[in-house]
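Written out below as structure tokens is the structure these notes cover.
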Amino acid sequence: MESALPSIFTLVIIAEFIIGNLSNGFIVLINCIDWVSKRELSSVDKLLIILAISRIGLIWEILVSWFLALHSLAIFVSGTGLRIMIFSWIVSNHFNLWLATILSIFYLLKIASFSSPAFLYLKRRVNKVILMILLGTLVFLFLNLIQINMLIKDWLDRYERNTTWNFSMSDFETFSVSVRFTMTMFSLTPFTVAFISFLLLVFSLQKHLQKMQLNYKGHRDPRTKVHTNALKIVISFLLLYASFFLSILISWISELYQNTVIYMLCETIGAFYPSSHSFLLILGNAKLRQAFLLVAAKVWAKR
């Protein structure tokens, strides 16, 4: 049974790869068609396009890394190839996490209602705020790349001094663990920011519901519905990102103790996040949902 597990996990990874490419490609295609036809695009749609493109890159990185790890081919990659592979993973993962976090901030500033002068100032300049945050995240990306480059340089120096097979395998596993740990630490910041946005949205919704009760109005007013929809999107991101984060953390520990089965399971769970969250974004967006249902109806009619 255990010998069949790599094949089973590989099939799941391939399925996630296909779903992820289809869902993210759909987001890019529909928004680009809308952009061309209307000659303009909202800020949230632009965010969705960039997020979807970054996730397509991440999904491809996951697939390539999976097969390299499965056949222990990573240690045969040259220094330049190793840098390209790891750096492209870091860049795609960085924008994948931060753009989803920025989307949460966008919903917070657009939907939430607070009397704080600072919040109102940010709310009036939401597009500039989003742009500044996006540019600010490049600092984290730059620091992450510097740290990883130091780890790569250190490993390559040791590899050139001792090229025996046993040393290469064990030292590469140590190097891989260090890279994963560094990436995990840099992933904590966007998760924390998204979680704070979620708490503020919940607090804003609670205040709004209390106000509705005082005014003897029902909870089905448009503002409540907008709050609820935004919360669903942010909650789905947080839950899936938490599973992604935990899978990276556990795979890091399992790789440290050389538990291959747990490592493969965590990698499979981690790949579920960039594939499934984009599908949930389609269902949570009125334009994308309508286009998806239209395409699904046409496909079903041809059967």
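Just so it is clear, glycine is given a Cβ too, placed from its N, Cα and C backbone atoms.
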Are T260 and S116 co-located with respect to the membrane, according to Swiss-Prot's topological domains?
no
When Swiss-Prot marks a stretch as transmembrane segment, which of 262-282, 283-303 is it?
262-282
Ranking 8-28, 129-149, 233-253, 262-282 by Cβ pairs under 8 Å to the transmembrane segment (185-205), which is first?
233-253
Mean per-residue pLDDT computed across the topological domain 'Cytoplasmic' (107-128):
83
Take a look at 8-28, 86-106, 129-149, 262-282 and tell me which one has the most Cβ pairs under 8 Å to the transmembrane segment (233-253).
262-282
Taking the transmembrane segment (262-282) as reference, which of 8-28, 86-106, 129-149 has the most Cβ pairs under 8 angstroms?
8-28
